[in-house]
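Contents: one structure, followed by commentary.
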Amino acid sequence: MFFFRRQNAKPAPRPSRAPSFALPKRRYPVQLTPSHQHDQLPFLRRSRFSALPHFRAYEDEPENLTLFIAILYVVDLFGIFPFVTLPALLVKLGYFGVLLVLSIIFLQIYTSFLLSQCWTMAELLDPSIQQKRNYPYAALAELAYGPYMSLLVSVLLDLSIFAMAVPSVVMAAENLEAVVLRISAGHYNFSYCYWAIIVGLVICPLMWLGSPKHMRGLAIIAVCVMIVIVALLWFCLFAAPAIGTPFEGISLELPGFLTVLNSYSILAFQFDIHPVLLTLQIDMKHKSQVSWAALIGISITCSVAIFGSIIAAYKFGSMIADNLLQSLPTSVPFYVMLILMALQLCFSVTVASSAMFLQIENYFKLPESLSFKRMLIRSSVLALEVLVAEFVPSFDALMDVVGGTITGPLVFILPPLLYRRIRRMERVHQRIAAEASYGSLPLDLNYDPVDLEMEPLLVTAPPVSPRGCWLRLVRVLHRLECDVSCTMAVLIFGLLATFLSTYLNLFSLADLFTNNSPCLSNLTKHF
């Protein structure tokens, strides 16, 4: 049998007597699995897809966000602006203000749901869009309407995030200046100009963090600070002496058109999460839950802000200041609240600016890890924000311009447009895929899987029961395509509101810097 002996056979290795920790560790190759979701789709251009399947390494799983952490991010994004400016806004609008606030918030929730659905449908239509996670809003615009729309969305997104950070820096500096001024009883004043620089230095190292998935601890700390701020604010409101009779000066009459338009701009600025919503959705473990995170986060912030506004209206009536903090008496809890508000605004700016920085870093092709270039770029942008904040007279000076002209299109125009376009693309893809699957067989292209799934449910449910009535209502709404009709209504509202707000802002831009900031006044004195 030696004729059949293998000549190149290697003897079996002898077992080593060395301990296990002394032996070299065997490195097993990383197993890669192909994802068949990246196959070519029949009705889109070949340039939008990669010819090879996408491979994913098991060892490189990114850290994903849970629903609870996502809710904390949403609450942190709103910051303290609704608690400070909403009371005066509701008093100015009267009882009509509550209806307007609830309507704007409902539209914010609805458009955030549309935007999240757009990303879900886009991943099915073009799986390669996952590689554009650093600029998801612009990627959706490119998929739906091409590169020019993507460029427009990128510009609006960066302008919106940049402009929203400036009032936060201004308000944080004003709060710290007020603490020193009130404690010293007006004898010593540390200028707002220097406080703005100090606030920028505090925000700078926080800005070096990456995407929201790297900011879990920051979000938790920010929400804890927010809870303490709300408790102190309510304590100061209940302890403040009342001015006049309860709800004095609040009328039932409808406010003027310009007042309503101005209030729309402020509300659009305060309750805006759309620039960061898609970035948050991409980092979540279950991406479909981002709509619940937006709903719960907005509901919590809105409920707390409206409750505080009712207390303030009961205490001060029409004598309330545009900034609620100016109507509160000085006390130790008041000083602590001002300092914590400044700290929370630093956290809010950090989280809200992540989408803008990811887009800029993608343009310069920077890695996701911390690098010197990332620190340089983010610090430079922050320095520019502080420089602009030095020349803004007050934190509410930019709310009308940013909320009505820049934020409006991102919230009320682009989500309905993208949803209608991507929904149509999905239907065309389903039709062509069905034709390719069945070949020459006769096919009913009006087939609707939703109706087919609901038929057995309708048969088993009693006709007069609440469940049966609800199922019939859902089927009617689905057949009428109410989602498409609602998107058209929101789109028309967004176009009209943005046009009128922009037209009004053109006349108010000249008065924006009428009352020059102290920094600008001091600068002109030296020259």
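Cβ coordinates come from backbone N, Cα and C, glycine included.
Automatic prediction, not curation, is the source of TrEMBL annotations.
Record features (TrEMBL):
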- 85-427: domain 'Amino acid transporter transmembrane' (DOMAIN)
- 1-21: region 'Disordered' (REGION)
- 65-89: transmembrane segment (TRANSMEM)
- 95-115: transmembrane segment (TRANSMEM)
- 151-172: transmembrane segment (TRANSMEM)
- 192-210: transmembrane segment (TRANSMEM)
- 217-240: transmembrane segment (TRANSMEM)
- 260-280: transmembrane segment (TRANSMEM)
- 292-314: transmembrane segment (TRANSMEM)
- 334-355: transmembrane segment (TRANSMEM)
- 376-395: transmembrane segment (TRANSMEM)
- 401-419: transmembrane segment (TRANSMEM)
- 482-504: transmembrane segment (TRANSMEM)
Answer yes if the transmembrane segment (217-240) and the transmembrane segment (401-419) have at least three CB pairs under 8 Å among residue pairs 6 or more apart in sequence, and no otherwise.
no
For the transmembrane segment (260-280), which partner among 65-89, 192-210, 292-314, 482-504 gives the most CB pairs under 8 Å?
65-89
Counting Cβ pairs under 8 Å that are 6 or more apart in sequence, does the total for the transmembrane segment (334-355) and the transmembrane segment (95-115) reach three or more?
no
The transmembrane segment (151-172) and the transmembrane segment (192-210): do they have three or more Cβ pairs under 8 Å, with pairs 6 or more apart in sequence?
yes
So which of 95-115, 292-314, 376-395, 482-504 has the most C-beta pairs under 8 Å when paired with the transmembrane segment (401-419)?
482-504
Considering only Cβ pairs within less than 8 angstroms, which of the stretches 65-89, 95-115, 151-172, 292-314 has the most against the transmembrane segment (376-395)?
151-172
Considering only Cβ pairs within less than 8 angstroms, which of the stretches 65-89, 95-115, 292-314, 482-504 has the most against the transmembrane segment (151-172)?
65-89
Give the one range among 65-89, 95-115, 292-314 whose Cβ atoms make the most pairs under 8 Å with those of the transmembrane segment (482-504).
95-115
